[in-house]
Amino acid sequence: MILIIDNYDSFTYNLAQCVGELGYDVLVCRNDEIDIPTIKQLNPNKIIISPGPGKPSDSGISLDVISSFSDSIPILGVCLGHQSIGYLNGGRIIKVSEIMHGKTSKIYHNNEDLFKTLPNPFIATRYHSLIIDNLNFPSSLAITAWTENNIIMACRHKDNQMLRGIQFHPESLWTFYGQQLLRNFLEYS
């Protein structure tokens, strides 16, 4: 079962639908309607931290989920979930110079892990006003994808490689290869 922590975002159920279309059972729980003991009892195979409004400190249980399970359960943070990973690892979350709401960008990547079967670059849709600052990027994380302007689009923990984040939205219709990226996370983590 794949657990999706919903940070009160309208895209969460699109994300759940994409995961379901790949043949996985999905459970969606709001970030203030579940606790760590319940998640332990559910024993999910993977966890996805959804997009959402606000900043990582507004993401309910999401930060605790990352802290509690990133060494035992593969976790993918999407948008706010990605920023939460950066924040927990000491990164600074800053406003992006151009707000990206429904805009597409070319995403360049390291051809590994989540991206190993994707073209380089590929087109992805972005919906965000915050990013992980690349000038003060945490040494515990590796940048795995970026834009042509060097805005961080994905990261992975260097030691705990089950923890990954992506800034863009794989569930968007305008993100080419988004479902393949999700498949890579679900099948190869």
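For all residues, glycine too, the Cβ spot is worked out from N, Cα and C.
What you see is a predicted model, and the numbers here were worked out from it, not measured in a lab.
Residues near C79 (active site, nucleophile) in space but far in sequence (CB under 8 A, at least 6 apart, same chain), listed by position: D9, S50, P51, G52, Y127, H128, I166, Q167, F168, H169. Marked as active site, nucleophile by Swiss-Prot on the basis of similarity to another entry: C79.
In the three-state DSSP classification, H169 (active site) falls within a strand. Swiss-Prot lists H169 (among others) with the feature active site.
The Cβ of E171 (active site) has F11, N14, L15, Q17, C18, V78, G178, L182 as same-chain neighbours under 8 Å, each 6 or more residues away in sequence. What Swiss-Prot lists as active site is E171 (among others), and the listing cites sequence analysis.
According to its DSSP assignment, P53 (L-glutamine binding site) is coil. In sequence order, N7, Y8, D9, L80 constitute the residues six or more apart from P53 (L-glutamine binding site) in its chain with CB-CB distances below 8 Å. Annotated L-glutamine binding site per Swiss-Prot: G52, P53, G54, Q83, S129, L130, in sequence order, evidence recorded as similarity to another entry.
Marked as domain 'Glutamine amidotransferase type-1' by Swiss-Prot on the basis of sequence analysis: 1-189. Looking only at the domain 'Glutamine amidotransferase type-1' (1-189), the predicted model's pLDDT averages out at 96.
In the three-state DSSP assignment, the secondary structure recorded for Q83 (L-glutamine binding site) is helix. Cβ neighbour count for S129 (L-glutamine binding site) (all protein chains, 10 Å cutoff from its Cβ): 13.
The L-glutamine site is defined by G52, P53, G54, Q83, S129, L130, and by the 8 Å test on Cβ atoms against their centroid, the other residues of the chain that qualify are P51, K55, P56, D58, C79, L80, H128.
Among G52, P53, G54, Q83, S129, L130, the residues given in the record as binding L-glutamine, the maximal Cα to Cα distance rounds to 11 Å.
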